[in-house]
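Features of the protein shown, as given by TrEMBL:
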BINDING   B:D48, B:D92, B:D229  Mg(2+) 3 binding site
BINDING   B:D48, B:T61, B:D92  Mg(2+) 4 binding site
BINDING   B:T62, B:D63, B:D140  Mg(2+) 1 binding site
BINDING   B:D63, B:D92  Mg(2+) 2 binding site
BINDING   B:D70, B:E281, B:W327  substrate binding site
BINDING   B:G139, B:D140, B:R166, B:S231  ATP binding site
BINDING   B:D232  Mg(2+) 5 binding site
COMPBIAS  B:200-210  compositional bias 'Basic and acidic residues'
DOMAIN    B:46-158  domain 'PurM-like N-terminal'
REGION    B:200-221  region 'Disordered'
Protein chains: 2
Amino acid sequence: MSNARRSERGPMMTGGTPLRSLDEEELLGHIFPAFPPGADLVVAPGDDAAVLRTSDRTIATTDTVVLGRDWLDAWSSGADIGHKVVAQNLADVAAMGGVPTGVLVTLVADPELSLEWVLDHVRGLAEVCTAAGVAVLGGDLSSAPPGVVMVSVTALGRLDGEPVLRSGARPGDVLAVHGSLGLADAGLRLLQADAPDRLPEATERQRRPEPPLAAGPQAAAGGATAMLDVSDGLLRDGGRIARASRVVLDLDLSALVPDVDALADVLGAEQALDCVLAGGEEHSLLATFPAGVLPAGWRAIGTVRAVRDDEAPAILVGGRVVTHTGWDHFRAT
Amino acid sequence: MSNARRSERGPMMTGGTPLRSLDEEELLGHIFPAFPPGADLVVAPGDDAAVLRTSDRTIATTDTVVLGRDWLDAWSSGADIGHKVVAQNLADVAAMGGVPTGVLVTLVADPELSLEWVLDHVRGLAEVCTAAGVAVLGGDLSSAPPGVVMVSVTALGRLDGEPVLRSGARPGDVLAVHGSLGLADAGLRLLQADAPDRLPEATERQRRPEPPLAAGPQAAAGGATAMLDVSDGLLRDGGRIARASRVVLDLDLSALVPDVDALADVLGAEQALDCVLAGGEEHSLLATFPAGVLPAGWRAIGTVRAVRDDEAPAILVGGRVVTHTGWDHFRAT
């Protein structure tokens, strides 16, 4: 959400019961009961640390969202943010070929933040954890300067087979996607245009991404050679596979026509194509497979070929280089 | 650091190269090489997630520090904060009886924060990770509103035996501590009094806590019935063991005389006792053991007895109730 770079003290801080009116134990007393227990939890949160039943290899990843940079109070509820920050972490576990098992959640917030927002937030994250069979392993609460709210999640996962890295794509592989493309970015554009109802499916995807978690281990078992989740856009994330694997990915634009068509009526063809090629926060899975073995639910959108003498590893669209720089967290824009 | 509740834009933001002048890849290019690899790392950071070799049970905990609330730029260097936030997380792993194996580190910062501070910070956290044999499994970088810097760490650990909880203390046990008491709080008071050199050992402990990590698994193997690390003060943390175990802990004040004496020359007897009984951020380990089995390095400081009909679980000092409320993160003070 590159153009939402501002802090605010909106409704989430001005209605209801401010956090400063509770002590930490009271606050945790509200929060803990909402957490799903999780099948693999040996020691629940509340001691120095939690204990999780694990296999011989554990996947770990972390991702943080900041009010004003990653979301706006006016566009997303507490539950939306709880859902989104957990879902994007679980997507990273799935993108390694793993099954998410646990999360730790840290809330750093202006003490004016309302308890009602926090409880709604906890409901959102508990829902997505419950649906995925994921335990809440713990967390931390800290106060922050006025207007600041951030949520940081660490997700753990179980790896039953070999991890699927970005670096394993081989010439001759098929490039495939599981899930939608461009929908979350279209939703962001509609929110920015104050027209969220023009394509509710897109707005909902922006607010509550639905990564195809089961498709990660499915792809790993089905022979995927490289995989990641589309968090920064098809071109940017595809470029990561290309560079890590030292190959060229060639997107077949005709395979993306259904994705573009789904958005073009509302956004126009040009913006729709931009959403599909460069839209972030979708959290669908992008992977490469040996030709002929595409598992159910995956659709081919391109091919992998060797790098020629005169070129660098890259992602091409219909054989041509398309540049897209995306955006950086610290760079002034 | 209850009275340091203010944000600032001090030297860490005004000298050197601001983060906003780098893109994320450049910044990560500076940071990644400083991370220790760690013996149990199967897939290093840089993909969607890292993969850690694990045993059948994994300990997980998380803790966050915020500029202006948990530290002041004028008092602590970037390396100090890197050391401290990792050490306090590793202490929680040790306090379960575990061996820390990996950390994930998230930095959310004002883009004016200097690269030099960040690199110093990374050095500090890499040093403490290397000393403990802990791998850096990943992290996240995000920008924050002006003046905001926070670091969130999640630590993972291996559990070879049974976890030592807070709830296992039994009447007849001995209460024991491994490590110093009150030193970190004395250091904070000296920093507040602008006299850090009056007891450099205390100031250093405040800036760079040294939890006795090996004493955690040692205590677990040696029969500890309950354990935690002293993060909020002996009375407050001892009270947690008492309530979780439904027992009374009775501190023997004479056993604390050496701790008080070590501080009394500089702080006076009253403040010294307050540091020893209520001083936080020490991260020494506090545990209960069956009588007669105290492992090497642990010293008895009290006893555990049953709760009588007319009393609640509590920690007593020489048989008397001492109230100390500590401080809360969100409560206005």
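Cβ atoms are placed via backbone N, Cα and C, with glycine included.
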*In the structure shown, with every protein chain counted, which of the binding-site residues B:T61, B:T62, B:S231 has the densest set of Cβ atoms within 10 angstroms of its Cβ?*
B:T61
*Near chain A, which of the binding-site residues B:T61, B:R166, B:D232 can you find when the cut-off is a Cβ distance under 8 Å?*
B:T61, B:R166
_B:E281 (substrate binding site) to B:S231 (ATP binding site) - Cα separation in whole Å_ = 5
*Of B:D48, B:D92, B:R166, B:D232, which binding-site residues come within 10 Å of B:T61 (Mg(2+) 4 binding site), going by C-alpha to C-alpha distance?*
B:D92
_Helix, strand or coil for B:D92 (Mg(2+) 3 binding site)? Use DSSP._
helix
*If you run the three-state DSSP split on B:T62 (Mg(2+) 1 binding site), which class comes out?*
strand
*B:D48 (Mg(2+) 3 binding site) versus binding-site residues B:T62, B:D70, B:G139, B:R166 - nearest by Cα*: B:G139
*Could you check the binding-site residues B:D48, B:D140, B:D232, B:E281 and say which one's CB has the most other CB atoms within 10 Å?*
B:D48
_DSSP secondary structure for B:G139 (ATP binding site), reduced to helix/strand/coil, please._
strand
*asked:* Using a 10 Å cut-off on Cβ-Cβ distances across all protein chains shown, tell me which of the binding-site residues (B:D63, B:D70, B:D92, B:D229) has the largest neighbour count.
replied: B:D229
_Structural state of B:R166 (ATP binding site), classified by DSSP into three states_ = helix
*Residue pair B:D63 (Mg(2+) 1 binding site), B:D92 (Mg(2+) 3 binding site) - Cα distance, angstrom, rounded*: 9
